[in-house]
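Quick look at what Swiss-Prot lists:
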- 2-79: domain 'GST N-terminal' (DOMAIN)
- TYR8, TRP39, LYS43, GLY49, GLN50, VAL51, GLN63, SER64: glutathione binding site (BINDING)
- 81-206: domain 'GST C-terminal' (DOMAIN)
Amino acid sequence: MVSYKLIYFQSRGNGEIARQVFAFAGQEFIDERISKEQWAEIKNMTPFGQVPVLEVDGRQLAQSITIVRYLSKQFGISGKSSWEEAQVDALGDQFKDYRVEARPFFRAKMGFSDGDVDQLYKDLFVPAFNKMYSIFTESLKSSGSGFLVGDSLTWMDLAIAQHSADLLEADGKILDTFLEMKDHQKKIHSIPNVKKWIEKRPVTSR
């Protein structure tokens, strides 16, 4: 039997979607949440000096999206065909682009960097948010299934649903102009195994 361990900080962050893939699949795994002090001790023992790190029977795999894509293929939620997999990956890359574009706003908002939060919100976040959520809305309409690609859940459904939930936590009206995406978040987080995970996971700010 394969043994899985996911090593990440005591937060959702870049480790959460991998955790939700495990949860959806009903796959047991060790959810090792480390402190900053523990991170300093193990950093040099990780592949790229960063987390998350996935251990599969002791072998290490790094990079959050690579981990999620690997697990999704193992558990059948990467897309039902090579074409669907490519569509899912394209949305994943678009999501990454959005996060890069909006990063200065999020960092300033969380106090990690200086900057006028209100101005960054208007200049960076809003355009990036509107662009991405428009793209994802069109994907939902195109699939006609309630999922982003094809007729079943993929890892990108988990990723965008969690991001939508995080945004709604900060601003309950933010998806009022993207109601399809609001419904999508509710749908994904109502899936029994996902819902169960969200209810039992440690409470963290992000």
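Keep in mind that glycine also has a Cβ here, set from the backbone N, Cα and C atoms.
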Q) Going by DSSP, is TYR8 (glutathione binding site) part of a helix, a strand, or coil? A) strand
Q | Most distant Cα pair in Å, residues TYR8, TRP39, LYS43, GLY49, GLN50, VAL51, GLN63, SER64 binding glutathione | A | 16
Q: For GLN63 (glutathione binding site), name the DSSP secondary structure in the helix/strand/coil scheme.
A: coil
Q: Averaged across the domain 'GST N-terminal' (2-79), what pLDDT does the model get? Just tell me the whole number, please.
A: 98
Q: Output the one of TYR8, TRP39 that, of all these binding-site residues, has the highest number of other Cβ atoms within 10 Å of its Cβ.
A: TYR8
Q: Using DSSP, break the domain 'GST C-terminal' (81-206) down into helix, strand and coil residues and give each count.
A: 90 helix, 0 strand, 36 coil
